[in-house]
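Trainee: So TrEMBL lists these for the protein:
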TRANSMEM  7-28  transmembrane segment
TRANSMEM  97-121  transmembrane segment
TRANSMEM  137-159  transmembrane segment
TRANSMEM  187-209  transmembrane segment
Amino acid sequence: MPSLWKRITFSVASVLCVGSVVLLVVALSTERWVTGRILCKTGAEIVNASHPELEQFIGDIYYGLFQGGKTKKCGLGSRRSKIYIFPKLVRTLNGGLHMMVILFLLVAVGFALVSLSFCIYNARKVPYQSIKGLKGLYLWNAIAALFGALGVLCFLAAVRHHGLTERVANHRENLFVLVVLDDSLDWSFWLGVGSIATHFAVCGVIAMSRIKLPKPETKKPEEPTISALDLLY
C-alpha cells in the first residue's frame, strides 16, 4: 500500500489528467479556434466605398476544426451562414494537414487517458514493474504533451502559412470575394495549449511523490529505574 503522501500526489495527478482530457475534448468540439474580420471586397468596389464607408462591408468569421460561421456584409445587409468543414470544404483546404491536427489531438486524448489509469493504479498499489510506476507516467505524459503540441503547431501552420481563414471565408462564394482583414487565435485553441501545460504539471506532481516526508517519532514511555537503595527498602 502506498504511503499517504504518494496517495495524495497521485490523486492530484489523476485530477490533472482528467482536466487535460476535458480541455482537449472541449477544444475539439467547439468553434472558436480562430475569429476574425472579413471585408466584402466585391461590394466595396461596386460602390467605390471610401474609408469611412468600408465599415458597412466588414463582417466577422469564426471556425473550429469541424464547423464555424460567418457574417458577411456586401451592401445587402448582414447575412449569416454556417460553415461546415466536412465533407466538402476540407477538400479545398490542405486536407492532409487538417486531418493531422485532428488525429494528433485524438492521440493526445488517448495517452492522457492512459496516464490517468496509471495514476489511479499508483495511488492504490505499489507497482512491481518500473513501466507501471514513475517512469511509465513520465513516458505517457510526455507522449500526450508531444502529440498535443504537434496538433497545435500543425493548426498554427495552416492558419499562418496556408491561408486557412481566407479559404474558409471564400468557400462557396461565387459572386463575392471576401478578404480577411485580421484573424486571431481564440479560446478553443488556447484550451489545447492549456492541455499541454497540464501534462507538464502532472510530471511535476509525480516528481513530488518521491519526496520522503519525516515520520512522526513516538516517544517510548520511560521505564522506572531501580537503584540499590530501593532494593534495601
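Counting starts with 1 at the first residue shown.
Each residue, glycine too, has its Cβ placed from N, Cα and C.
Note: TrEMBL annotation is automatic and uncurated.
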Trainee: What same-chain residues lie close to the transmembrane segment (7-28): Cβ under 8 Å, and 6 or more beyond its ends?
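Mentor: Same-chain contacts beyond the ends: 64-66, 102, 105-106, 108-109, 112-113, 115-116, 119-120, 122-123, 137, 144, 148, 188-189, 191-192, 194-195, 198-199, 201-202, 205-206, 208-209.
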Trainee: Cβ under 8 Å to the transmembrane segment (97-121), counting only same-chain residues 6 or more beyond its ends: which ones?
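Mentor: Contacts with the transmembrane segment (97-121): 10-11, 13-14, 17-18, 20-21, 24-25, 27-28, 65, 85, 90, 127, 132, 136-137, 140-141, 143-145, 147-148, 150-151, 154-155, 157-158, 162, 192, 195, 199, 202.
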Trainee: Quickly jot the same-chain residues contacting the transmembrane segment (187-209) by Cβ under 8 Å, restricted to those at least six beyond its ends, or write none.
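Mentor: Contacts with the transmembrane segment (187-209): 5-6, 9-10, 12-13, 16-17, 19-20, 23-24, 26-27, 30-34, 64, 105, 108, 112, 115, 119, 122, 134, 137-138, 141-142, 144-145, 148-149, 151-152, 155.
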